[in-house]
Amino acid sequence: NQGLATLAFFGVGVNLVLFLTRVLQQDNADAANNVSKWTGTVYIFSLVGAFLSDSYWGRYKTCAIFQGIFVMGLVSLSLTSYMFLVKPNGCGDEEHPCKKHTSFEIGLFYVSTYMVALGNGGYQPNIATFGADQFDEEHPKEGHSKVAFFSYFYLALNLGSLFSNTVLGYFEDHGLWTLGFWMSTGSAFIALALFLLGTPRYRHFKPSGNPISRVSQVVVAATKKWTLKVPAGSGVLYEVEGKECVIQGGRKMLHTRGFKFLDKAAYVTSDDFGKDNQEHPSPWRLCTVTQVEEVKCILRLLPIWLCTIIYSVVFTQMASLFVEQGAAMNTTVGHFRIPPAGMSAFDILSVAFFVFLSRRVLDPIVCRIKNVKTKGLTELQRMGIGLIIAIMAMVSAGIVECYRLRYIRKDGDSSLSIFWQVPQYALIGASEVFMYVGQLEFFNDQAPDGLKSFGSALCMTSISLGNYVSSLLVSIVMKISTKDHMPGWIPGNLNRGHLDRFFFLLAALTAIDFVVYLAVARWYKSIKFEGKCRDDEDSDESSDQSSNINEFESFRV
């Protein structure tokens, strides 16, 4: 399902920058900005999907609904292109421009593409978490398989995009835009049908309730007791007894140090149970340790998440400036013309190679060195390696651009072969395996049980903000570099610009981000779970799952 849905999504996204320049006749800077904004919106919608999944619909229902919206958006885009945009037929390649379009036709195009953004964005974080739900963490074999699942999930994502980047990219580059969009639509429809076909065999988990209210209760309760001093130790903090849990179907979390102000929300006072000595106090006055730790967990994840945004700025160049750079190079091999967007196939091949290398070679070696039987490199270590490789990718792209500018012929074209882009694409692919797979594992593992989809959505939102930051950075660079009637770093004609300086700027920003990341990773404290908490109806089924001894004493008045 993930492979086919990704094929459909990238069938639109990978060549979108060329569609905007060739069919809608936008210039390079505007097209790159519009692609960044659209891609960013895709991942902003992931927060909407994650919230609905965790709170109300559950992951299965959310996946099905948003995939339906995704298919409808692709149908609308295909019809709009066929009826209005790709006119005359066969236009949109390098040689045959399309006619000018009305505001109504362009409006239909943007409505369709943003329906695709909504459908794909709402679906993506939930399908990854729904797949992880199929593995029982407490079963040794399934727990180990869950760790490998994210690598193979990301590999399936890249294999799906391989077809769209090569076959669909070739069709679209030669003006067959409508055919490419219809093939994406068919792929998305088959993906949805296959997903629904597996319904009887899935493990389903109930939504855990609105996390916003739980977080708000902790903040309000802690604020009401802001003058109190909480004694050291977790034994004075409140937690429900027995099998009940504030997160429906989730696990209790153990108390951790840090963010002491929030501990006040779980500190018991004589007023918390009221004059009638109620059995269950108001959650707006007294919260459980699990609730407090849920908020602490979010606060600890945020600095790690912020450090991944600059990496996403680097990653998004593959769909915009890498393509524009490739289009300005020598793209012919004999009588065959290589579509610039098709070079991302080397990124996908690199992902496949490094997934194998990481799981089959690197992890076993690290396990032997560390003398452990489970994981090799930790998720945080992998993400750090991903940042280092991203710096190398930007330096490589900058060097290639320097040489491209040296080999410009008199006719204005560069004689430098597009295959000189292979190293930068391969390095981006390697960095993805360490950064994005590590991110998926890290946020899924460290997110509380009631916020698992939110954890996956953080990965998506990192990419989203990376696209917006990239768009902002391009705008700032163009504004500064076009002073005194200069063409700027990224003009419509790249031969007059300095794209290499922009790539070197990104390398410098990523290096600074890496230093900050090292400090944040050292500060981070992992989440600590107790046994599995159960709903009353499930208590008989899972009575053997909660054998861990709680580190804190339940306190009741």
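Each residue, glycine too, has its Cβ placed from N, Cα and C.
Just so you know, TrEMBL annotations never went through curation; they're auto-generated.
What you are looking at is a predicted structure, and each value in this text was computed from that prediction instead of being measured.
Sequence-distant contacts of the transmembrane segment (6-23) (same chain, six or more residues past either end, CB-CB distance under 8 Å): 30-32, 34-35, 38-39, 70, 74, 77, 85-86, 91-94, 97-98, 113, 116, 120, 156-158, 160-161, 163-165, 168-169, 172-173, 177, 180-181, 183-185, 187-188, 191, 319-320, 323-324, 327, 339-341, 344. Summarising the annotation, TrEMBL assigns transmembrane segment to 6-23 (among others).
Distant neighbours of the transmembrane segment (35-52): 13, 16-17, 20, 62, 66, 113-114, 117-118, 120-126, 211, 316, 319-320, 453-454, 456-457, 460-468, 470-471, 474; these residues of the same chain sit at least 6 beyond its ends, with a Cβ under 8 Å from one of its Cβ atoms. Taken from TrEMBL, the feature transmembrane segment applies to 35-52 (among others).
Annotated transmembrane segment per TrEMBL: 64-85 (among others), in sequence order.
The transmembrane segment annotation in TrEMBL covers 149-171 (among others). Beyond the ends of the transmembrane segment (149-171), by six or more residues, the same chain brings 2-11, 14-15, 128, 131-132, 135, 177, 179-180, 183-184, 339, 341-342, 344-345, 347-349, 351-352, 355, 358-359, 429, 432-433, 436-437, 440-441, 444 to within a C-beta distance below 8 angstroms of the stretch.
For 177-197 (among others), the entry in TrEMBL reads transmembrane segment.
Residues or ranges marked as transmembrane segment by TrEMBL: 301-323 (among others). Sequence-distant contacts of the transmembrane segment (301-323) (same chain, six or more residues past either end, CB-CB distance under 8 Å): 13-18, 31-32, 35-36, 39, 340-341, 343-344, 347, 380, 383, 386-387, 390, 393-394, 397, 421, 424-425, 428, 431-432, 435, 439, 442-443, 446-447, 455, 458-459, 461-467, 469-470, 473, 490, 499, 502-503, 506, 509-510, 513, 516-517, 520-521, 523-524.
Residues annotated as transmembrane segment in TrEMBL: 343-362 (among others).
According to TrEMBL, the transmembrane segment annotation covers 383-406 (among others).
Same-chain residues lying 6+ beyond the ends of the transmembrane segment (418-437) with a Cβ under 8 Å from its Cβ atoms: 150-151, 154, 158, 308, 311, 314-315, 318, 322, 325-326, 329-331, 338, 340, 343-344, 346-351, 353-355, 358, 382-383, 385-387, 389-390, 392-394, 396-397, 400, 403-404, 459. The transmembrane segment annotation in TrEMBL covers 418-437 (among others).
Feature annotation from TrEMBL assigns transmembrane segment to 458-482 (among others). Only residues 6 or more beyond the boundaries of the transmembrane segment (458-482), in the same chain, are considered here, and those with a CB under 8 A from a CB of the stretch are 29, 32-33, 36-37, 39-44, 46-47, 121, 124-125, 301, 305, 308-317, 320, 436, 439-440, 443, 447, 488-490, 498, 502, 505.
Summarising the annotation, TrEMBL assigns transmembrane segment to 502-524 (among others). Counting residues 6+ beyond its ends, the transmembrane segment (502-524) has Cβ neighbours under 8 Å at 300, 303-304, 307, 310-311, 313-314, 317, 321, 380, 383-384, 387-388, 390-391, 394-395, 397-398, 401, 473-474, 477, 489-490 in the same chain.
If you look up TrEMBL, you'll see 533-557 marked as region 'Disordered'.
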